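Chemist: What follows is a single structure, and I will ask about it in a moment.
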Amino acid sequence: MGHANIWYSHPRRYGQGSRSCRSCSNRHGLIRKYGLNICRQCFREYAHDIGFKKLD
């Protein structure tokens, strides 16, 4: 049994390891509110396209 078979073989059904950004597959800084499931970097990039507006 090599390293490739063991690495990431544990099932990820819940927790931070089970979710990733739908745009870039990043697992850090994930925004899950309203079912967005995108990381904060991608949110800044696509927020205007999604329909979010910056308030003064």
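Residue numbers in this text run from 1 along the chain shown.
Every residue gets a Cβ built from N, Cα and C, even glycine.
Here the structure is a predicted model, which means the values were calculated and not measured.
So Swiss-Prot says this about it:
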type: BINDING; residues: Cys21, Cys24, Cys39, Cys42; note: Zn(2+) binding site
Chemist: Around the Zn(2+) site recorded as Cys21, Cys24, Cys39, Cys42, what other same-chain residues have a C-beta within 8 angstroms of the site's C-beta center?
Modeler: Ser20, Arg22, Ser23, Ser25, Asn26, Leu30, Ile38, Arg40, Gln41, Phe43
Chemist: Among all the protein chains here, how many other CB atoms are within 10 A of the CB of Cys39 (Zn(2+) binding site)?
Modeler: 21
Chemist: Quick one: of Cys21, Cys24, Cys42, which of the binding-site residues has the smallest count of other CB atoms within 10 A?
Modeler: Cys24
Chemist: Look up Cys42 (Zn(2+) binding site) in the DSSP assignment and reduce it to helix, strand or coil.
Modeler: helix
